[in-house]
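Presented below is the structure to which this report refers.
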């Protein structure tokens with residue numbers, strides 16, 4: 001990792017230091033995804049079969065996961081893994097349940113009541129990738145809040161393996177969250193199928209889940225077309241660590257590597273006011289890299305990552321808020337005392353014994369988070385992501401008589417005569 005001294009950088013160099021790996025979508029990718037989507041819309045399941053054979057190397061007659069498939073998955077998953085997933089589900093459920101909104105009502109004027117009621121989104125589509133490795137934890141992170149929200153139907157797509165099966169752990173994770181409608185579909189074609197529907201796959205109102213550049217582009221295209229809403233902008237995984245001189249170098253290095261191993265386009269940043277800590281973390285990175293099975297991937301990510309020396313921790317928080325990381329680790333002696341300075345981050349991890357990996361799997365928070373600076377305006381997935389908040393209002397005759405004049409004045413100011421007339425008729429006055 002390159003080491004920079006923030007105080008020695010001019011404005012342009014500071015911007016460059018916080019620039020994420022270039023995430024431009026090639027015209028070729030955009031066009032390829034558009035063609036896949038158009039093919040699925042036009043030919044449905046027939047297109048899905050051809051695309052799946054081409055990209056996944058397997059011919060499927062049926063995309064739906066059967067009861068026999070679920071049973072086989074249960075038998076294939078080790079008891080300790082199943083128990084770990086059950087434990088994770090319990091904590092994810094507890095955290096997300098605590099944050100659920102029940103709506104509210106308020107009388108804004110005599111005879112005028114305004115309410116907010118909560119309704120589940122009817123049908124949602126979950127995408128669980130299985131590129132370099134299957135991600136059953138993502139099935140848990142999406143399935144639990146969907147269940148708590150009360151969505152009428154939950155559809156899950158995950159890529160098939162060469163033998164036509166689906167990763168057993170993903171299926172068990174789906175079952176543990178109550179998801180039983182699972183399809184052996186991956187990539188942009190899965191997104192198209194869930195957005196527009198085919199003979200086998202129902203169309204969904206909103207799509208959730210991470211994926212590669214093709215999946216991300218497909219989500220953006222179906223959202224732009226109005227076919228389905230999506231959870232949030234997606235991008236490569238990232239972590240920013242703010243560490244003081246008392247931090248454990250081995251812990252900090254391990255946290256940086258846990259994100260770097262996601263992919264060569266991941267980015268990790270370390271901000272510290274201690275030269276000694278930065279130097280020690282550099283040493284630990286090399287020690288721990290030698291033990292990783294995905295060391296080559298991690299090295300590629302580290303090559304475009306930074307360690308930044310700051311003069312004071314206040315400066316580190318200003319930099320972090322500017323960057324708006326997906327994951328923010330505060331490896332500080334009094335981490336909670338600094339929490340008030342955090343303005344933009346997807347998820348925050350306090351202290352030496354809260355690695356980001358806990359949030360990825362089993363602390364209870366959600367690991368589907370905004371990336372690429374989107375944390376300035378977006379939040380991670382929650383139960384509310386699977387719900388609609390519907391406004392309701394009711395006015396009595398006395399209520400409209402009391403506030404109607406306000407509406408009349410505003411309607412006239414905007415030149416909307418029909419608006420004014422709709423109120424005036426009920427009040428029995430001239431518009």
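Each Cβ is built from the backbone N, Cα and C atoms, and glycine gets one as well.
For 326 (among others), the entry in Swiss-Prot reads active site, proton acceptor, with the evidence type sequence analysis. In three-state terms derived from DSSP, residue 326 (active site, proton acceptor) belongs to neither a helical nor a strand segment and is classed as coil. Close to residue 326 (active site, proton acceptor) in the fold, though at least 6 residues off in sequence, lie 237, 238, 239, 345, 346, 347, 369, 370, 371, 375, each with a CB less than 8 Å from its CB.
The active site, proton acceptor annotation in Swiss-Prot covers 327 (among others). Cβ neighbour count for residue 327 (active site, proton acceptor): 26 (other Cβ atoms within 10 Å of its Cβ, all protein chains included).
Taken from Swiss-Prot, the feature NAD(+) binding site covers 127, 189, 212, and the record attributes it to sequence analysis. Cβ neighbour count for residue 127 (NAD(+) binding site) (all protein chains, 10 Å cutoff from its Cβ): 28.
Annotation source Swiss-Prot lists substrate binding site at 237, 259, 262, 327, 360, 414, 419, citing sequence analysis.
For residue 419 (substrate binding site), the count of additional Cβ atoms within 10 Å of its Cβ stands at 16 [all protein chains shown]. Look at Swiss-Prot and you will find 259, 262, 360, 419 tagged as Zn(2+) binding site, backed by sequence analysis.
Residue 127 (NAD(+) binding site) carries a strand DSSP state (E or B).
Summary: among the binding-site residues (360, 414), the fewest other C-beta atoms within 10 A of the C-beta are counted at 414. Note: the Cα of residue 419 (substrate binding site) and the Cα of residue 127 (NAD(+) binding site) are spaced 44 Å from each other.
Neighbour counts of Cβ atoms within 10 Å were taken for the binding-site residues 189, 212, 237; the minimum is at 212. What surrounds the NAD(+) site, by Cβ distance within 8 Å of the Cβ centroid and not counting 127, 189, 212, is the set 129, 157, 159, 185, 186, 187, 188, 190, 191, 211, 214, 215, 218 from the same chain.
Rounded to the nearest whole angstrom, the C-alpha distance between residue 189 (NAD(+) binding site) and residue 262 (substrate binding site) is 23.
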